[in-house]
Each structure stands twice: as structure tokens, then as C-alpha cells.
């Protein structure tokens, strides 16, 4: 029986040094050399690591591998946005590349599917399958950098910002999220500034409290409603941790953080005639008066089967102006990639649907026809 090789992308620097010492009998600086090859040069071939002696390279080839998710499908938008379905094991997750001048943001997934059942989210329709490993989280960045082109080839960083806003709830995968964030920030890893790495949460207070004082990155919170009654209707997690508990944990985190510069980004998806009238805007302004915040309004991205609609431009504009009357900094998220499957999780949902239909065909069974 062949022993599975150890994927070195699963280790942060501390873990990699321990592995080299305890399993390979090597000094810490050797681990550092290999880490630099993996992340600075996008190298997954031990034989190319020309400052590593041959004996160690042979050890590494026998026991280890550097294996990132691979692209199973890609959609390219006319505005430069790329949405990838990345294969993790026998499943897919979504990773989205969003270029904007000198800035290039990568939206990264943390889970296969999601357990939170937010009513407006395409990913929620797929249910929850499993947490991603460290290698599957950082591997999305590694693979995207390879797809876009390494810094040494293009003269510029392929990715300047990472947002943990893809499929899944990051704070329900704390065991793998923390070392993945460490790799993103590490000078031998992706060497990103802590202000250029953002974790978004729908309100997992226990996870946010674990992060407090342990890892310092930018924080974004998915609020989406100004009252517990409405939030519980569209985000069932609110029944576990209500708005007051959530915002209290947010204040604790930003008080311990330098990356957030004293305030949090509040994400608020605008659903037509659900959470987007002027009373909602005023309630939101009052709700956040004790929580220093900038507010990012997100016009809803429709997806097949969704019961919600995007508000009119006039409703979006009125909502924004009402908040600005309370002296909040308010932005409206720019629509990107609207000529491809724009809603988070939609591409993978399509991949899953096609896979199921192919299996049914192969089994010779009838294929159900969707009615409109």
C-alpha cells in the first residue's frame, strides 16, 4: 500500500519548520527555502529548487508534494473579471479574479458549499459538504497566480488583495483559516499586507472571538438587515447570535486590530422591497452608531430560482443618500462580470447540475425537465 504524500501547502511557516525538523531531520532554514520557492516562485517541482541539496530534494520527492487545486472551468468577462471553478478532491469551489487598474483582488472560498442557509445566496442552495484544507484555501491563490502570471514574468504582483468572501463561512473553518491567513501575510508566503487581506463573516461570534488578538486582518461583516426580526428571516444564523451579540464581538475585534484602522466594513445586500426602504436605512444608521463603520451597499445579483430582485437605481440611490445624511462613508459595490455567472456559487452550481445530468444520462434514466 502506497503512503499518501504530505502536501506542503498545508503548512504555515511554523508547521513547515516543525515538519522539516521532526519528519525530515532538517534545519529550519531549509523549510524557509522551500516555502519561498512555493510561494514566491510558484514552484511545485522539487528538482527546480536549485539551492536545495540533492539529498533533501530526493527526500522531498519521496515523502512530499506541492499540490494546489486545478481549474476545471473558467469564465472570462469582458471587463477582465475571471471566475474559476477549482477542483478540490472530487468537488469544485469558486475563485474569482477581479482586476481594477493596479489593484487585483482574488475572492477565495473557505468551504465546499455553506451551512448557513442565507435566503438570498446562491451557494446556500447547494448545502454544506465540507471545510476546505489549508492547501485548498491558499492553493486557490497559488493557482490563480500561476494562471495570471507570476510577478517575475509580468513585472507586477498578479494578486494584490485577497478577500475571504467566496463560498462558505470562513469562521466555521477556523482550524484551517488561521494558518491560511498566516501564509497570506508571511514574508515567505504571499507577503500581503494585513490591510489587503479581508475576512468576511455572517456573524459567527465564537469564531470572531477566537480571531481577536490572534490574527490581524481587515474585517467585513455581512449584516444585510437592521433588525433581528428581518435578519432572522433572511439569515437564520441570527437566531444563534443576534445583532447585538454580533456587533459587540465586532467592536472587540476592531479594538484589538491595526488592520481595520478603528472601523469595520459593513456589507449590506439590497433586496428589492425587502430591506431597502428609507426606514431600513434610518434603522441601520441608528444601529451602527456605536460601531465605527463604513457601509458597502451590494445590489442583489439575481440567480436562477431566486425569489429576490435587484432594487431600482432610484431606490439604491435613496438608500445611500439616507445613510450619508448620518455622516457614514457609503459605497456601492461596482458590478463586475455581469456578462458571466455573477452570483457567488452560480458557476459551481451549474457544474454540479451538469455533472448530475451526465450521470443520469450514463445510467440511462429519464432527465427531469425544469419548468419556468
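Along the chain as shown, the residues are counted starting at 1.
Note that Cβ sites are derived from N, Cα and C of the backbone, with glycine treated the same way.
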Notebook entry, point to check: In Swiss-Prot, 168, 169, 222, 223, 224, 301 are given as binding S-adenosyl-L-methionine, so which of 193, 200, 206, 249 is in that site too?
Noted result: 200
Check: So what's the mean pLDDT when you look at the domain 'Radical SAM core' (100-339)?
Finding: 94
Checklist line | Rounded inter-Cα distance in Å - residue 200 (S-adenosyl-L-methionine binding site), residue 114 ([4Fe-4S] cluster binding site) | finding: 14
Notebook entry, point to check: Secondary structure at residue 118 ([4Fe-4S] cluster binding site) (DSSP, helix/strand/coil)?
Noted result: coil
Check: Among 168, 169, 200, 222, 223, 224, 301, listed as contacts of S-adenosyl-L-methionine, what is the widest Cα spread in Å, to the nearest whole number?
Finding: 19
Next item on the list: Among the binding-site residues 114, 118, 121, report those whose Cα falls within 10 Å of that of residue 301 (S-adenosyl-L-methionine binding site); none is a fine answer.
Entry: 121
